[in-house]
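Visitor: Quick one: the structure is below, questions incoming.
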């Protein structure tokens with residue numbers, strides 16, 4: 001067990017001022033939620049915005065609404081390598097998963113396979129392109145492939161504040177969502193945002209949202225305590241402590257078999273009172289660190305990057321592929337002992353998840369499996385200092 005400075009693999013810092021704003025938000029009630037919603041609508045330039053308890057709740061509610069909007073369509077195309085909350089949300093919504101393999105250069109969809117899947121003879125309800133780690137995927141190309149009636153649900157859970165072609169990510173599809181979890185671009189402990197310009201989708205979303213419960217006093221109290229814990233222990237000087245407690249499962253990717261669907265609480269909306277300044281500040285800090293890792297990766301043959309080196313995307317982690325399995329294991333093990341925040345990606349593709357494996361018998365997605373074997377991610381969040389970058393760079397030079 002390491003005792004000492006340990007860098008979180010991803011973080012969107014919460015300050016004591018944020019927590020005080022969150023407590024004020026509790027007293028403001030619905031007015032605080034409406035303030036946050038209206039600010040988001042203006043920022044994203046959308047007609048409709050809805051706030052819920054988490055990113056996976058946001059996706060689940062979207063899928064439930066689309067199921068009502070397009071009865072008879074029940075298949076959802078998702079990446080074979082993605083956050084485990086995505087297949088969990090599809091199953092929670094009572095829909096069927098269709099997996100699409102990856103493009104090994106961009107971490108987006110394999111175009112040929114996606115084109116084939118989208119010719120679903122009216123069975124495909126929607127496709128969920130994902131901006132994995134914040135790397136923009138090609139929404140325009142996917143829209144061209146999709147048949148009439150197929151809806152684009154943009155998974156911008158890891159990309160709030162990011163842009164592509166001068167447009168904000170999350171607003172390029174028919175409906176998009178963001179996550180406000182602790183390791184995302186912005187955190188309200190947990191939380192989810194849904195945005196759309198389509199009135200028909202918004203109408204069904206509103207119907208679903210009216211069925212959701214609000215947070216109880218105890219649930220709000222738990223959120224306050226979690227916020228205080230994140231404020232205190234997310235800082236690298238103390239992160240080693242919660243990381244050393246096994247049952248917290250920090251750094252592990254778990255399949256969420258159960259999760260609640262609720263409205264966002266006024267405490268969470270209050271936590272986000274300074275959200276716009278934080279989004280811009282965090283983005284600037286992350287891009288500086290991304291440039292450091294990009295420069296270093298360009299000088300070594302050990303790994304490869306998955307975006308255009310001429311572009312500096314707004315990432316929440318910097319992914320690198322390490323083909324040499326022994327080297328990858330040694331780097332991860334040594335980085336763990338040194339508290340450097342270098343972590344693997346998701347441990348396996350969706351067809352290898354224990355809870356979903358039976359749905360994909362005899363199906364193989366070789367690139368997704370390759371990504372699970374090879375990916376490692378570097379921290380890029382605002383808590384990473386120049387000294388940390390030098391420490392990680394020095395560590396990696398020995399490889």
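Backbone N, Cα and C atoms are what each Cβ position is placed from, and that goes for glycine too.
As the structure is a computational prediction, the values presented were derived from the model and not from experiment.
Below are the features listed in TrEMBL for this protein:
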| type | residues | note |
| --- | --- | --- |
| ACT_SITE | 184 | active site, proton acceptor |
| MOD_RES | 184 | N6-(pyridoxal phosphate)lysine |
Visitor: So if I measure Cβ to Cβ from the residue listed as 'active site, proton acceptor' and keep only same-chain residues at least 6 apart in sequence, which ones fall under 8 Å?
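Guide: When sequence neighbours closer than 6 are ignored, the residue listed as 'active site, proton acceptor' has 10, 12, 55, 157, 158, 160, 178, 316 within Cβ distance under 8 Å.
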Visitor: According to DSSP, does the residue listed as 'active site, proton acceptor' fall in a helix, a strand, or coil?
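Guide: DSSP call for the residue listed as 'active site, proton acceptor': coil, neither helix nor strand.
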